[in-house]
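J.: Below are the features I grabbed from Swiss-Prot:
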type	residues	note
BINDING	LYS11, PHE59, ARG87, THR93, ARG104, ASN114	ATP binding site
ACT_SITE	HIS117	active site, pros-phosphohistidine intermediate
Amino acid sequence: MAIERTLSIIKPDAVAKNVIGQIYARFEAAGLKIVAARMIHLSRAEAEQFYAVHKERPFFKDLVDFMISGPVMVQALEGENAVLKNRELMGATDPKKAAPGTIRADFADSIDANAVHGSDAAETAQVEVAFFFPGLNIYSR
């Protein structure tokens with residue numbers, strides 16, 4: 001099994017609910033290490049750049065508006081099969097379809113306010129981690 005890194009964002013809805021610690025506990029219980037983390041309030045330009053892959057999709061404006069509506073907690077996670085493991089922890093994008101016990105089933109309100117973002121592939125993860133943590137701001141342990 002390969003040690004990977006993935007990006008996780010705890011979105012404004014979950015930050016506002018004060019469940020960062022509960023979500024972090026789930027990462028750690030699953031064997032994922034938090035190797036970089038910071039709280040930020042994204043600017044419109046940053047959110048548009050980060051989600052540029054969705055620019056032509058009908059939900060793009062709503063996604064950007066939501067992501068700049070409050071602070072987010074951004075973290076790089078490291079562990080065996082980190083991308084897949086994080087996606088399993090998150091659950092389905094629509095919390096109504098998310099399996100019980102997943103982050104979205106437990107903390108998300110809607111398909112838009114769905115608590116967390118996670119990289120969808122190892123290649124995407126590299127780009128996303130570098131977007132928020134350029135240079136040597138990651139500390140493997």
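Even glycines carry a Cβ here, placed using N, Cα and C.
Values in this document were obtained by computation on a predicted structure and should not be read as measured data.
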J.: Non-local Cβ contacts of PHE59 (ATP binding site) (under 8 Å, 6 or more apart, same chain)?
T.: ASP112
J.: For the binding-site residues THR93, ASN114, which one has the sparsest Cβ surroundings, going by other Cβ atoms within 10 Å?
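T.: Counting other Cβ atoms within 10 Å of each of the binding-site residues THR93, ASN114 gives the minimum at THR93.
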J.: Cα of HIS117 (active site, pros-phosphohistidine intermediate) to Cα of LYS11 (ATP binding site): how many Å, rounded?
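T.: HIS117 (active site, pros-phosphohistidine intermediate) to LYS11 (ATP binding site), Cα-Cα distance: 7 Å.
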J.: In the three-state scheme derived from DSSP, which category covers ASN114 (ATP binding site)?
T.: coil
J.: Just checking a number: largest C-alpha distance across LYS11, PHE59, ARG87, THR93, ARG104, ASN114 for the ATP site, rounded to a whole Å.
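T.: That value is 21 Å for the farthest Cα pair.
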J.: Quick check on the recorded positions: of LYS11, ARG87, ARG104, HIS117, whose CB has the lowest count of neighbouring CB atoms inside 10 Å?
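T.: Among the recorded positions LYS11, ARG87, ARG104, HIS117, the lowest count of other Cβ atoms within 10 Å belongs to ARG87.
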J.: According to DSSP, folded down to helix, strand and coil, what is PHE59 (ATP binding site)?
T.: coil
